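Annotated features in TrEMBL:
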TRANSMEM  21-43  transmembrane segment
TRANSMEM  63-86  transmembrane segment
TRANSMEM  98-123  transmembrane segment
TRANSMEM  135-154  transmembrane segment
TRANSMEM  161-180  transmembrane segment
TRANSMEM  186-207  transmembrane segment
TRANSMEM  228-252  transmembrane segment
TRANSMEM  272-291  transmembrane segment
TRANSMEM  325-352  transmembrane segment
TRANSMEM  364-385  transmembrane segment
TRANSMEM  394-413  transmembrane segment
Amino acid sequence: MTSINETLEAMTRRPMLTSIALAYLYSALIVAGPWIFTVLGLVGLSMAPCGSFCDQLPVFRSIVIYNSAFALIVTSPLAFLCGRYVSGNLFEGRHDTIMYALAFGLLVFGAVVIVLAVPFYLFATTLQPSEKIAAIQNVALIGASWLLVPFCSVLRAHNTVLVAFGVSSVAMFLGSGLLHDPSVTSLLSTLNAGFAITDAIMLVGLVRRLGPSIVPDEGLFAFLRRAWEIPAAGLAFALGLWIDKIIMWHAAPDDNLVVAGVLRTMPSYDTAMFWAQMSAIPVISVFFVHVETRFSSSVERAHERLRNHASLREIKLRINDVRTAALSGIVTMFSGLVIVGILVILSSFVFMNELGLRPSYMGALRTAVIATTFYTSAMFCFYFLMHFDLRRQALVVVVTYALLNASLTLAFVGAGEDFYGYGNLLASAIGFLFSFAVVLRELSWLPFHVFITNNASIR
């Protein structure tokens, strides 16, 4: 069966501008559609008419930011673990274990919400009772959606995901039109209704595809014991993404926003980081269409020659093709990120007000864009390591970045707003150089990994 990557790449080869544009647009929605549609829905809610001060919006935004961070950090280990396990089962033709893995992930996430999020909102914040309930519902619904997405993706149900988040975004826009001078509770309830629609559509899609039965599977726990590095890498990945923001919220000497007693954020820094990360979407789309497709094709050709007992010389040639595809992909994507970063930096002066940034934080935006270039390139290296099933090496890469991001952000946080983001920039640059060095080293050992490291018959 032709993969979606191959279909999209074929569309980009057609001599029609419409076909090329649709291919890249669809790939952008596949890789970042849930994020894009959620942001659009939040923009719609923020546009709800309110009084002259709109003092409820900062509280609403802070709750959503905290819930997003919490949900990503908690669900990433589960998504990494269950996604890899389900993918392996599908390759072996086993579909009956998928719903059990989903139920396991949702159950673990629900337990963590009860243990951590519920006491935090009930006892630590000064929110109103209705706001506390809505905030707890919000974190549960966000986390559930981020657990459902990888299951749909493994089953190639990309359209189900896009429809789910697209309908949710439209519902939020329509709901915002019914609000006037909204309270935190009404804003959260509207957002929760949107995420409930998202979760319901994806869950119904999975049930229609797989059936409602849940078959207990001890293999999931055996896989966890054998491949514990996968959820650990997921946790380190999520912490590395958020740790600099969390440190800036609580350690920066000024420009902090504190609501509900304990919810601390830094709107200007968060906005700069948000737009910088958005700038990477076009390059990630190109990676999905071209680099991942060509790399996967080279890997498949190498496996085919192995299955057909080809000569050692031919196998070495195919493995060398895999090396070339990985290295050329990293270099090409880094070059693309540099070009996009330059364009974003040059255009940021024109759209400063539209981006919601003060002039004093334009330096932070430029720093964040450069950091995103290095960080995204490092994650491409992480992708290749995970694809080769080099779990320990991939774990070392993301743990190193998380530690660098935390320590260097702490080192620069007291230097003033002129140096905001420099810790993240240095961590991203060092992290990329380190991850690229790891990839280079492991590619030189690729024949050994093929015949020994990842050979299930000799484990």
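Keep in mind that glycine also has a Cβ here, set from the backbone N, Cα and C atoms.
Automatic prediction, not curation, is the source of TrEMBL annotations.
The listed stretches are 135-154, 228-252, 272-291, 394-413; of these, 272-291 has the most Cβ pairs under 8 Å to the transmembrane segment (325-352). Outside the transmembrane segment (135-154) by six or more residues, the chain places 34, 63-64, 67-68, 70-72, 74-75, 78-79, 82-83, 86-87, 90, 98, 101-102, 105-106, 109-110, 113, 117-118, 121-122, 125, 127, 160-161, 164-165, 188, 191-192, 195-196, 198-199, 202-203, 205-206 with a CB less than 8 A from a CB of the stretch. Of the Cβ pairs linking the transmembrane segment (161-180) with the transmembrane segment (63-86) and spaced 6 or more residues apart, fewer than 3 are under 8 Å, so the two regions do not touch. Tertiary neighbourhood of the transmembrane segment (394-413): same-chain residues 229, 232-233, 236-237, 239-240, 243-244, 247-248, 251-253, 375, 378, 381-382, 385-386, 419-420, 422-424, 426-428, 430-431, 434-435, 438, selected by CB-CB distance under 8 Å and a gap of 6+ residues from either end. Tertiary neighbourhood of the transmembrane segment (364-385): same-chain residues 233, 237, 268-269, 272-273, 275-277, 279-280, 283-284, 287, 291, 295, 326, 329-330, 333-334, 337-338, 341, 344-345, 348, 355, 357, 393-394, 397-398, 401, 417, 420-422, 424-425, 427-429, 431-432, 434-436, 438-439, 442, selected by CB-CB distance under 8 Å and a gap of 6+ residues from either end. Within the chain, the transmembrane segment (63-86) has long-range Cβ neighbours (under 8 A, six or more residues past its boundaries) at 42, 97-98, 101-102, 104-105, 108-109, 112-113, 116-117, 131, 135, 138-139, 142-143, 146-147, 149-151, 153-154, 184, 188, 191, 219-220, 223-224, 227, 230-235, 237-239, 241-242, 245-246, 260, 263, 265, 270.
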